[in-house]
Amino acid sequence: MPATISRADYAAMFGPTTGDRLRLADTDLIIEVERDLTTYGEEVKFGGGKVIRDGMGQAQTTRAEGAVDTVITNALIVDHSGIYKADVGLKNGRIAKIGKAGNPDTQPGVDIIVGPGTEAIAGEGRILTAGGFDSHIHFICPQQIEDALHSGLTTMLGGGTGPAHGTLATTCTPGPWHIGRMLQAADAFPMNLAFAGKGNASLPAALEEQVLGGACALKLHEDWGTTPAAIDCCLSVADAMDVQVMIHTDTLNESGFVENTVAAMKGRTIHAFHTEGAGGGHAPDIIKICGEEHVLPSSTNPTRPFTVNTLEEHLDMLMVCHHLDKSIPEDVAFAESRIRRETIAAEDILHDMGAFSIIASDSQAMGRVGEVLIRTWQTADKMRKQRGRLAEETGDNDNFRVRRYIAKYTINPAIAHGIGHEIGSIEEGKRADLVLWNPAFFGVKPEMVLLGGTIVMAQMGDPNASIPTPQPVYSRPMFGAYGRSVENCAVTFVSAAAHEDGIGARLGLAKETLAVTNTRNIGKSHLILNNATPQIEVNPETYEVRADGELLTCQPAEVLPMAQRYFLF
């Protein structure tokens, strides 16, 4: 006879199931489980007196015969593709199967075989997401990588050589020599890393040698001179060598206006950084380009979301980051021209509409590397409070909005940079770069981070305690973050040209190198749940922003979730 159990008791034992709802952290965002791929009455769970025991939920199957390396049981998957419950099997550092785990000799419907060689991670009552991808990194100091990992990021792309003044302002690793040194340094870190070369040149040779030297992208930055000629040259090299171009346009409008920049692009794909403009770009109307099909628009996190403190903190940030002098009137005017409450307010709404597609940090250069996820969900919560439910929602939940926002730091930057076939979502065959969350701490403090199927970070108590939970409990590096394991759980992304030329062997790299691909034959329409292309107009006198004729404005937030209450310890 089948047993009956209350929803509350079931959720407490096996985690929420179809129709159950839960809150994300302390936000107003409510998600609902859409479907459950496990089987009622046949759930697998590890522990004393539980299911994953020899001859019960654990089969005799060897690894060679098909048993997985790791099973994450009864996890609530939150992904751009949906919000659903499943067991997840990991093998060879990748997601082998999403479905029902157990012993096929004793249980029906098993498609993830648990064997004697299988480790178990309890996903009951936990949320599982893909690792985050920050595509706007200034590699100013290596300590950023630890902060990023402990926030739920597993991939970082950007440029720099350390605290050189070029790196303090621009995300470029200039020249093949510097790129080589950064690729060699990448071997030491439990993080997927990728580097952008300097794209500012009017002739192609110096750009081509950087791509061949391992750069997987090229960055055009106004501090190096983002002229129409440089834009055209950089995009031509990118088209020929299949790498993405990121652009920070000309704030001062010295070499042209936004229309001249768009004309120089000639409809070619480009990733536009901080498209609102506070982080840099044609003043006051760079935000217009988010309506172009060939532009992949992103935000950096200091303007996310618009709050009562946003404008004030930006001026000082800008003066430091761009090597400006408060005693020079022109420098002050340059800084003030970039900070506009009207365009920052509009940016909130454009994200909620799906017209801005990506959120990244701009680490230590007008951005906070450990706050990509927090700022994304704070924006989603602010828009939920101010704009209500999205028209696309189909139930008494915020599932569509949550899927839209998680895509901004997972699958969309991955697609934009040619690595969406490897990372960015929870899909069979992709790398097992995964983050496990307690729902109460979602987006703030991960419970566990896996990189290539290996645990690299987790919340951990006193190492001298008799059990792992006594205080102080905080995120600490795990075994995957040490020794030779680092070389095998993380990868380095490079251009196809460098990969085919044997960049790994040439530089003696220990980490596997993977080539980026298909960065050029894409447009905004390829970005998931964030591909709206409204006609944007900016009033040059008032800075008011309109999308398809509708004024975009909202009030700054005075209080945010996922903030001080989470950082008392």
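Placement of Cβ uses the backbone N, Cα and C atoms for every residue, glycine included.
What Swiss-Prot lists as domain 'Urease' is 131-569, and the listing cites sequence analysis.
Summarising the annotation, Swiss-Prot assigns Ni(2+) 1 binding site to HIS136, HIS138, LYS219, ASP362. When secondary structure is read from DSSP and collapsed to three states, HIS136 (Ni(2+) 1 binding site) falls in the strand class.
Residues or ranges marked as Ni(2+) 2 binding site in Swiss-Prot: LYS219, HIS248, HIS274. Spatially close to LYS219 (Ni(2+) 1 binding site) yet at least six residues away along the chain are GLY159, THR170, THR171, CYS172, ALA196, GLY197, LYS198, GLY199, VAL245, MET246, ILE247, HIS248, judged by Cβ distances under 8 angstroms.
According to Swiss-Prot, the N6-carboxylysine annotation covers LYS219, on the basis of sequence analysis. In this structure, LYS219 (Ni(2+) 1 binding site) is part of a beta strand by DSSP.
Same-chain residues at least 6 positions away in sequence with a Cβ under 8 Å from that of HIS221 (substrate binding site) are, in sequence order, ALA169, THR170, THR171, CYS172, LYS198, GLY199, ASN200, HIS248. Marked as substrate binding site by Swiss-Prot: HIS221.
Annotation note: HIS322 (active site, proton donor) sits in a coil segment as assigned by DSSP. Annotated active site, proton donor per Swiss-Prot: HIS322, in sequence order.
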**Request:** For the recorded Ni(2+) 2 site formed by LYS219, HIS248, HIS274, name the remaining residues of the chain with Cβ within 8 Å of the site's Cβ center, in chain order.
**Result:** HIS136, THR170, THR171, LEU220, HIS221, GLU222, MET246, ILE247, THR249, ALA272, PHE273, GLY279, GLY280, GLY281
**Message:** Through the lens of DSSP with three states only, how would you label HIS274 (Ni(2+) 2 binding site)?
**Reply:** coil
**Message:** Can you tell me the CA-to-CA distance separating HIS138 (Ni(2+) 1 binding site) and HIS322 (active site, proton donor), as a whole number of Å?
**Reply:** 13
**Message:** Tell me which of the recorded positions HIS136, HIS248, HIS274, HIS322 sits in the most Cβ-dense spot, judged by other Cβ atoms within 10 Å.
**Reply:** HIS136
**Prompt:** In DSSP terms, helix, strand or coil for HIS248 (Ni(2+) 2 binding site)?
**Reply:** strand
